[in-house]
């Protein structure tokens, strides 16, 4: 009996020591992080001596340069066709890099903030990847009270525009306070033609029937609700809690014609959040079901623990449409100090920008390159069945450097 008690006591001591060691490791890691984040102060005497050799003299400090900045939310629209995503990436042309350069030029942020943007408490609501556009992206950042939006936009590329700035609460975070996101996917209706139909010659003249459009709407509705989308992203298992996502609505617009006289529809999906590739895979499987490459039973199986081989639609056509702040608006939008983040006053400008810079790019690229037509030609290579790890991937039209990218992925 005493031996058992001694053994239990030893095990208890061992666990205590392991916990203490683990605690020390965490403290060391945090200490290193703080050291890395700590501001590196410039030795001005040494710097002035170096500059003097090159004939450069530091300008005297002007107290007027010390500007008081407050937490703000900005409304941003951009066409991502020529950019490597939203997030800043050294050596790459990104939306944030263009934004920060303009902010520095107009003294909206300091040089220290430009080098380390976290100093300005910058946070985007959603991260868009290469080629993906945004109609109403929202970011939070500390900005001065006096801002000249017209002059600021004049220093931004034509594909990027900042339409509005609203003062927000001190603790506001554009990502954390966002309770839902809406994406749109605009595609030619020929994508829904039967897989038995020869569509090469009717790409520009195909017109969807009311019955076929109804089938599209019914298929999209199958995604609504809280479901496990592990098959619609990469490197996530069925048991991973983050694979469960809540889709509030998934709808289709009525058909319309582009300036090139090609018929399009716009799919609109609203959810709390989305994973990498999720929207493109949802659209890809929906197209395959409507075309007859597979059945709705595949979608039902895809939401179970089975690992299935599913197609992923091209990136062209995917747009971050709206980020929603209903809870924030309900709590602070009517307090007499802050405005609701609905951006109604800027809606006309935003709509004009979307048509001119985003949708026109989608229409033009589809008409010239026929990305969707090339992609639906690869749908029959997918098995829509249990995927084996050693199975070779099906051919993809992405190899043609299609202008597109990924949807909002977790950070």
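Note that Cβ sites are derived from N, Cα and C of the backbone, with glycine treated the same way.
Keep in mind that this is a model prediction, so the values were computed, not measured.
Among the residue ranges 1-22, 23-44, the one that TrEMBL annotates as region 'Disordered' is 1-22.
The region 'Disordered' annotation in TrEMBL falls on one of the ranges 358-384, 385-411, namely 385-411. In this structure, the CA atom of residue 183 (substrate binding site) is 13 Å away from the CA atom of residue 129 (active site, nucleophile). Cβ neighbour count for residue 129 (active site, nucleophile) (all protein chains, 10 Å cutoff from its Cβ): 21.
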